[in-house]
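Peer 1: Sharing a structure with you now.
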């Protein structure tokens, strides 16, 4: 049973990944290209200034060409990410089914996807938003990655806690109170976390605001497509198979 | 009698934790895959060089991970 759910989840993740790739290629890549053009201009200006002072900068070796990065490279990253999250989604569904008092597999799948989108994508991105190339200095990659990981894991942990609180209060206090208590718990956890953790702002002076805005919006759009696809697709697949089993009996 | 049938929810069969636990290993593999897309050869590195980082560069930026 777990094996079947896992395979369905990874299949749905793979299919959602194709949609994500389409959106990333059409909406996201023009922003990446613009940002890289700005990065190149900054590097060139620095190199010519150094040359005027008699310093020769060694050009950065290109390991993977831009055309590969924006096609096959992008496809690889997006497909691995989406398929892996599809599998993890299925494992969480396998655990939650029958344990969280939501009977319809389609409803459970969609609600899990909403929780996943909020905890994994939206809330960490509100504190540490996605950055295009040339935003962020290479020296701080360690601390930025650590802060992002802490935000992500704590957000997911708070969401697990919220679901546990809802489940605990449900029999005695009813659906409305139990659900609001869970949501309130999650919200207060992530607000406290976001206030305590240091902010990161390494946008270079003069970087176009519209480019930064579009890039971050596209990044959230990608996540919305992925989690919508997972929630609706996984639910539909399980609903249909459940019905088929029912009628064939 | 029919009222009790209507009001009592029928339990959905759950998958026991003991059955689920071994699959956690597979879940860890999936997390490792996400790590390779999101953070390898950035903050930490398991494989020397920058090939993985450069290959998934655009997706890492667009998926919201800190890249460089």
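Just so you know, glycine gets a Cβ as well, placed from its N, Cα and C.
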Peer 1: Out of A:202-219, A:220-237, let me know the one TrEMBL marks transmembrane segment.
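Peer 2: Spelled out, TrEMBL records transmembrane segment over residues A:220-237, not the other listed ranges.
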Peer 1: Counting Cβ pairs under 8 Å that sit 6 or more residues apart, are there three or more between the transmembrane segment (A:72-95) and the transmembrane segment (A:146-165)?
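Peer 2: When sequence-distant Cβ pairs are counted, the transmembrane segment (A:146-165) does not touch the transmembrane segment (A:72-95), since fewer than 3 lie under 8 Å.
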Peer 1: Which residues of the same chain, at least 6 past either end of the transmembrane segment (A:146-165), have a Cβ under 8 Å from a Cβ in it?
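Peer 2: Distant Cβ neighbours of the transmembrane segment (A:146-165) are 96, 100, 115, 118-120, 123-124, 127-128, 178, 181-183, 185-186, 189-190, 193-194, 197-198, 200.
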Peer 1: Quickly jot the same-chain residues contacting the transmembrane segment (A:220-237) by Cβ under 8 Å, restricted to those at least six beyond its ends, or write none.
Peer 2: 8-9, 11-13, 15-17, 19-20, 23-24, 27-28, 78, 82, 85-86, 89-90, 93, 105-114, 116-117, 120-122, 125, 130
